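This is the feature table in Swiss-Prot:
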BINDING   CYS43, CYS48, CYS51, CYS73  [2Fe-2S] cluster 1 binding site
BINDING   CYS113, CYS116, CYS148, CYS150  [2Fe-2S] cluster 2 binding site
BINDING   ILE263, VAL264, MET265, GLY266, TYR267, THR268, SER269, VAL270, ALA344, SER353, HIS357, ASP366, LEU410  FAD binding site
DOMAIN    4-91  domain '2Fe-2S ferredoxin-type'
DOMAIN    235-420  domain 'FAD-binding PCMH-type'
MOD_RES   SER1063  phosphoserine
Amino acid sequence: MDPPQLLFYVNGQKVVENNVDPEMMLLPYLRKNLRLTGTKYGCGGGGCGACTVMISRYNPSTKSIRHHPVNACLTPICSLYGTAVTTVEGIGNTRTRLHPVQERIAKCHSTQCGFCTPGMVMSMYALLRNHPEPSLDQLTDALGGNLCRCTGYRPIIDACKTFCRASGCCESKENGVCCLDQGINGSAEFQEGDETSPELFSEKEFQPLDPTQELIFPPELMRIAEKQPPKTRVFYSNRMTWISPVTLEELVEAKFKYPGAPIVMGYTSVGPEVKFKGVFHPIIISPDRIEELSIINQTGDGLTLGAGLSLDQVKDILTDVVQKLPEETTQTYRALLKHLRTLAGSQIRNMASLGGHIVSRHLDSDLNPLLAVGNCTLNLLSKDGKRQIPLSEQFLRKCPDSDLKPQEVLVSVNIPCSRKWEFVSAFRQAQRQQNALAIVNSGMRVLFREGGGVIKELSILYGGVGPTTIGAKNSCQKLIGRPWNEEMLDTACRLVLDEVTLAGSAPGGKVEFKRTLIISFLFKFYLEVLQGLKREDPGHYPSLTNNYESALEDLHSKHHWRTLTHQNVDSMQLPQDPIGRPIMHLSGIKHATGEAIYCDDMPAVDRELFLTFVTSSRAHAKIVSIDLSEALSLPGVVDIITADHLQDATTFGTETLLATDKVHCVGQLVCAVIADSETRAKQAAKHVKVVYRDLEPLILTIEEAIQHKSFFESERKLECGNVDEAFKIADQILEGEIHIGGQEHFYMETQSMLVVPKGEDGEIDIYVSTQFPKHIQDIVAATLKLSVNKVMCHVRRVGGAFGGKVGKTSIMAAITAFAASKHGRAVRCTLERGEDMLITGGRHPYLGKYKVGFMRDGRIVALDVEHYCNGGSSLDESLWVIEMGLLKMDNAYKFPNLRCRGWACRTNLPSHTALRGFGFPQAGLVTEACVTEVAIRCGLSPEQVRTINMYKQIDNTHYKQEFSAKTLFECWRECMAKCSYSERKTAVGKFNAENSWKKRGMAVIPLKFPVGVGSVAMGQAAALVHIYLDGSALVSHGGIEMGQGVHTKMIQVVSRELKMPMSSVHLRGTSTETVPNTNASGGSVVADLNGLAVKDACQTLLKRLEPIISKNPQGTWKDWAQTAFDQSVSLSAVGYFRGYESNINWEKGEGHPFEYFVYGAACSEVEIDCLTGDHKNIRTDIVMDVGHSINPALDIGQVEGAFIQGMGLYTIEELSYSPQGILYSRGPNQYKIPAICDIPTEMHISFLPPSEHSNTLYSSKGLGESGVFLGCSVFFAIHDAVRAARQERGISGPWKLTSPLTPEKIRMACEDKFTKMIPRDEPGSYVPWNIPV
C-alpha cells in the first residue's frame, strides 16, 4: 500500500510529501528541505521562541479559521495535514514589501544580534491576525514565550505597542491616570529638568496595518476539509508509525489495536521526552479535527471541555465564563485562569491540549492540583464503552484502580461549578514569573457548613514536591469540623508538614525552600478564605488588617513604559553627517524578515558531512577504553576522530582538543563522529562506548580548590597605602564574604561552523560564529600543519556572543577542520543548546573575602580583600578575569589603604571564560557588599557611605593611574535627583511599615568602569576601504558584528569622513582574507579601535584624492572616482590604529592599563513577597556618561540590554551542578534568563551631555559591558527589602549574602514562624541533589 500524501501549505505555496518521516519536525523541514532559514533553532525544546511560526487551521463545522503561534522545533510535520504554515519569510521581505510588524521592529531599534527577531515577529504577527488592535496585556502575553539576550525587551515592547489601542494606552484603568503618563503613584512622570531629546523613531513613518493584505487561507484546504470524506492517515518510516484518526470511532479502534501508543495532540510532552530523555515510541496516535475532543458544554452544574482543546482555548473559554457567571460559582475557573496566565508561553499553550496536560501527570503540572481539588471527572471511551472516573490524587499517582486503562481514550473533562461557601485557590512559585516550571504549586479548596465557618470539606494538593502531584488527604480529614481560625492554621501547617515530606536529597534540590512554600501557600489560602468569608458575611467576619492583606496581592507588573534622555546633535552639524544620530541597525530589516544569514543558514555544500561530539560523562577520570565499533557500523557514519588521529596536535596551552588518557570535567570533548546527516551523527554518538575509572581528588568548588591549593598560577596582588597600620586606627573592623554564582552566556545562536576544503594547496575556508577569527585561523593552521595564509576565516554576523565564542569555538573549529581536511569534504558542526551549555563554560563563579576597617562616620580607612574565581579545568581567560577583577574592584571608591589579592582556581568543571564585564561584575559586587555592611554597622544608609567614600576630583586609582572623577560624581548626583531618592525612600519606609508580608527596597549604585585591553598590541586594529567607479564604497574591518551595531557605526564613520551617503557604503562581513591579524572583538572597544582604523583609511583616501576633489568641488564621488582611475590613483586604502598606550606591571602593582572610564549610576526599587521569595522590579533609573554618542539608539540598546543581563546574573540565573560535577541546567527549561515579565515596570535612561575625549573615536565611549554591573542595584534593593522584613521580625545582624538572590534565597532570608516550623536535615546526613559551585 502506498503511503498517504502529506498535504499542507507554507507561505501560500502548496507542499506535498509522499515519503514522510514521522520523526521529522517542522523546524529542520523548513530549514533544510524548503531552505526557509528565517526560522531559527534556539533550544529545540520550545523554551525560547526563536523557531516561532504561525499555523492556520480551518474548522468546517464552524466555518472559521484559527491562527496560532507554535514552536516549529516541537511540531511534527505529520501533524500539519490540511494546515497553512506561515514563516517570517511569508509575511514580507526586502524584495517586495515589508509587513508592518517587520518594519516597526526594525525602525524601533528592537534588534541587536537579530537571532531571536524572526520568532518575535511571528509571535506578534499571530497576535495581530487574531487581534488587529491588541491590548497591552495581550501583547506581553503573546511575547511571553520568546527570549532575547541582547535588547532587554523594552524596544521590542515599544515597537509592538504601536499596534495597540491608542498605541498601548490602558484607557485610564489604573488610578484614572493614563499608563503612558504614570510616574510615582500615578503622578505626572519624570518632571525633573524636562530635558528633551529627539525621538528615536517616528510613528508617522510607519505603514498602517491592513488586515485585508494578509495571506489568505488556501481555498484548496477549505475544499478538502469540507468535501473530502474523513479517513485515518498513516505515515510510517523504518522506525516509527504515525496514525492520525479523524473520527472518534477510528481513534478508539487505533487505541484498542495499539494500547501502548501515546495519544498526542501538541507533542509538547512526548516531544521533549523523545528529544532530551531518549524515549522512543514506535507508534504514535495523533487525532486530527475530531469534534468530540473539542466540545464546549456549559450547564448549571459546570463546564465540560473536550480533551483536545488547547490550553490557550481553555484560557479563552474560562475568561468568557467567569465574566458571565456569579463569582461564587466560578472559584475553580478563576483559579485555573490564574495558572493558565503564567503557564509556559503562548506557543506551548496553543499546542498543548487539556487532555495531554492531565494525562501526562507531570510532577510540576500547574492545572492538575486544581482540577483534582475541584472534584473534576474524566469522561473515558473504549471499545468496552463509556466510563467516568474522578480526577483524584489516586489518578495522579497512577493507582491502577483509578487510572485509564491502556485501551481508553480521554474524551472530555467535567469541571463543576463551585458552591456557596466554597473557596478554591491556586498558588505557584517559579524561578521566573512566567514561562517557567513551578518549583512548588498547589491547589486548595474548602467548603464550609452553611454560614458557620466550620470546615465541611477540605482538599489540598501540591506539585513539585514528589514524583507526581501529592495530596494532604489525612491532614485534611483531621481538620474537618474545625473552625477557620489561627489555631486551625497552626495545626494545619504541622499536619501538612508531617504528611507531605521531602528527603534532603530530593530531586530538584531547594528542599527547605519547598518545605517552606508548602505552609506559606497554606497561610495565603487561609487569608484568601478569610477575605472570601468577609465578602459572604461582612457582619460576622472582620476585615483583614493591612499587614495581612499584603500577603494576598500578587506581584503583577503594570504596563511597561520608559523615558529616554539622550544627546542632541549639534545644530551646526551638517544634516548628512550621521554621527550622533539614532540610525537604525543596518541589518535590522534583514533581521526582521529572516533574510539575515547566520552561519548555519548557509546553503548545504555538495557532499557535506556533519560532525557531533562525544563528551565526557565524568568530571575527573582515566579513560580506560573507547569502543567505536558499534557506532562505526551504523549507516551513514563516515569516521570517528579521536586524539590518536590528531597525533601531536592535541594541546594548545592548557587546552586539549580531544581527551587523550584523562578527562578533567564533564563535557570535555572525547571524540568526534562524522556522518552524512546530522541525525545519523547524533545517533552514532550515543553508541560510542567509553569506559572510565574515577580519579581523586574531585574538585568542584572554590572552597575545595583552596583546601587542595589547586590554583593555575601564583597570586596576583595590588596594594596601596599601609593597610596593616590603617587597621590599627579604625573605629571598627568587620570581616565578611560573598559568593557569586556563574552565568551562562545564553547567546541565542549556538556554536556553529562550516569548514570547506578548497581542494588545492591544502587551502581551507572556515565559516564560523566567532569573536576571534584570527585565533581560529591560527589553531586550525597548527592542527593541520599548514601555514596560516592557507586558512581563511569568515564571519558575516554572530547571533550573540558576550565573550563565549572565542576559546572553545577555536577548539571545535580545529577538530571540524581536521575532519574536513582528512575527508576532502565540507563538514558542518552546530551544537544543540544542551551540548553548548555543557561544553562551553560561562562566567566565573567567584568568592570574595574581605576585612574592612572604618570610622564611625562611614569612612573606610583600610580594606583587605581576597578574590577567587572558579576557572574550571583549563586556564582559558581565568587569569585575565582575576587581573581585571583586581584592577576594577575599587569601582567608584577611594580606599586610601587597600590590599587586594586574587587566585584563579583549577577545578573539575568545564573551563569558565569571558562573559560581558570580564570579572568586574563579580569583583564590583564584592566591594559593594562590603560597603553595604559598613553602612549597616554605622547605622547609615548605604547611599550615605557610598557618597562619603566616592572618588570626587582628580585622583589616583590603587594601581596609580590618574583620572578625574568629576563626571562620576555628576552621574551620582544626577541619578539621585532624577530618581527622587529622598521622597521615594520615605515612601518605601511608609509602605514597609504598613505591610508585613510585602516589603520594598531601594538601592543606588555608582559605576566607574575602566575601558582598555591592558596592552598596546591587544588594542591594534586595521581596516580596508575601497571606492568603486560608480561612487560606492566597500569597507572591511577586524571587528565582529554580534549585535552591538559595530558595522552600522563603521558605515557612519565612512559616511562622515568621506561625506558620502550611508546608502553608498557597504560592509560584507569580517574575514581574515581582507583584514588579517585581528584581535578578539570584546572588551567594549570594538567600535573604538576599528573605527579609528576605518577613519584612518578614509583620511588616507581623502588626502590622496584631495587634488582631484579640489579641482571639482561640486562633483560627485562617481566623478572623483572616475578621474582618479583615469589618473592611476589608487582608490583603496588600508587604515591602521596601533592601539592605546596601555600597560600594567604586576610586580610593581602599577601602570596605565586603561584608556578611559565609563561613569554611571543606577537606582532600582523592588518589591518582594516575603512568603514566596518572589520579587518585582518596580522602577530603575540609569544615568550614564557616554562621552559623545556615535549612535544614541544603539548605545541605549547596549546600556539597557547589559542592565537586564546583569539583573539576571544577580537575581534569577542559577547554574545547578550535581555533586559529581554534572551540569543539570542545560536549556531554557532549567536555566532562566530574564523574560519580558522580569523587566522594570518603569525604566528611565539618561545620557549626560556630550563630553570631549581627544583620544577616542569622536569622543565616544564603549558601552557594551559597563551596564551589566548596574544590574546589582536590583540585588541591593532586594537586600534592602529583606533587611526590612528581618528587622520587623526582630532579627538583627547581617545575613550571608550570595548571588544570585533567587526566590529561594529571598524567602529563606525572610525568616518567620513558617521557616521555623519546617524540619531541617543535619548536614552530612544526606547527599544533596545539587551543590553551589
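Glycine is treated like the rest: Cβ placed from N, Cα and C.
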Would you mind listing, in sequence order, the residues at least six apart from LEU410 (FAD binding site) in the same chain with a Cβ closer than 8 Å to its Cβ?
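Same-chain residues close to LEU410 (FAD binding site) (Cβ under 8 Å, separated by 6 or more) are ILE263, ALA307, GLY355, ILE358, VAL359, LEU378, ASN379, LEU380, LEU404.
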If you skip the near sequence neighbours and keep only those at least six away, which residues in the chain come within under 8 angstroms of CYS73 ([2Fe-2S] cluster 1 binding site), Cβ to Cβ?
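Looking at Cβ-Cβ distances below 8 Å from CYS73 ([2Fe-2S] cluster 1 binding site), excluding near sequence neighbours, one finds MET25, LEU26, LEU27, TYR41, GLY42, CYS43, GLY44, GLY45, GLY46, CYS51.
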Where does SER1063 (phosphoserine) sit in the DSSP three-state scheme?
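SER1063 (phosphoserine) sits in a helix per DSSP.
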Report, in whole Å, the straight Cα-to-Cα distance of CYS48 ([2Fe-2S] cluster 1 binding site) from SER269 (FAD binding site).
16
Quick one: give me the count of other CB atoms within 10 A of the CB of TYR267 (FAD binding site).
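I get 24 for this one.
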Rank aside, I only need the closest one: which of the recorded positions MET265, TYR267, ALA344, HIS357, SER1063 has its C-alpha nearest to that of CYS116 ([2Fe-2S] cluster 2 binding site)?
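Checked the recorded positions MET265, TYR267, ALA344, HIS357, SER1063; minimum Cα distance to CYS116 ([2Fe-2S] cluster 2 binding site) goes to ALA344.
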Please give me the CB contact count at 10 A for ALA344 (FAD binding site), counting all chains in the structure.
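Other Cβ atoms within 10 Å of ALA344 (FAD binding site): 26.
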So how many other Cβ atoms are close to CYS148 ([2Fe-2S] cluster 2 binding site), meaning within 10 Å of its Cβ?
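There are 30 of them.
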Identify which of the binding-site residues CYS48, CYS113, CYS116, CYS150, MET265 has its Cβ surrounded by the largest number of other Cβ atoms within 10 Å, counting every protein chain shown.
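Ranked by Cβ atoms within 10 Å, first place goes to CYS48.
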Within 10 Å of its Cβ, which one of these binding-site residues (CYS43, CYS51, ILE263) has the largest number of other Cβ atoms?
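It comes out as CYS51.
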Within the domain '2Fe-2S ferredoxin-type' (4-91) only, compute the mean pLDDT.
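Mean pLDDT for the domain '2Fe-2S ferredoxin-type' (4-91): 97.
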May I have the list of same-chain residues other than CYS43, CYS48, CYS51, CYS73 whose Cβ is within 8 Å of the Cβ centroid of the recorded [2Fe-2S] cluster 1 site, in sequence order?
LEU27, LYS40, TYR41, GLY42, GLY44, GLY45, GLY46, GLY47, GLY49, ALA50, ASN71, ALA72, GLY119, ARG833
Rank the recorded positions SER269, SER1063 by the number of other Cβ atoms within 10 Å of each Cβ, and give the residue at the low end.
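Least crowded of the recorded positions SER269, SER1063, by Cβ count within 10 Å, is SER1063.
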How big is the gap, in Å, between the Cα of HIS357 (FAD binding site) and that of CYS48 ([2Fe-2S] cluster 1 binding site), rounded to a whole number?
20
Secondary structure at CYS73 ([2Fe-2S] cluster 1 binding site) (DSSP, helix/strand/coil)?
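Going by the DSSP assignment, CYS73 ([2Fe-2S] cluster 1 binding site) falls within a helical segment, counted as helix.
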Listing them in sequence order, which of the binding-site residues CYS48, MET265, TYR267 have their Cα within 10 Å of that of CYS148 ([2Fe-2S] cluster 2 binding site)?
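Within 10 Å of CYS148 ([2Fe-2S] cluster 2 binding site): CYS48.
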Across all chains shown, how many C-beta atoms besides its own are within 10 angstroms of the C-beta of HIS357 (FAD binding site)?
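Taking every protein chain into account, the count is 26.
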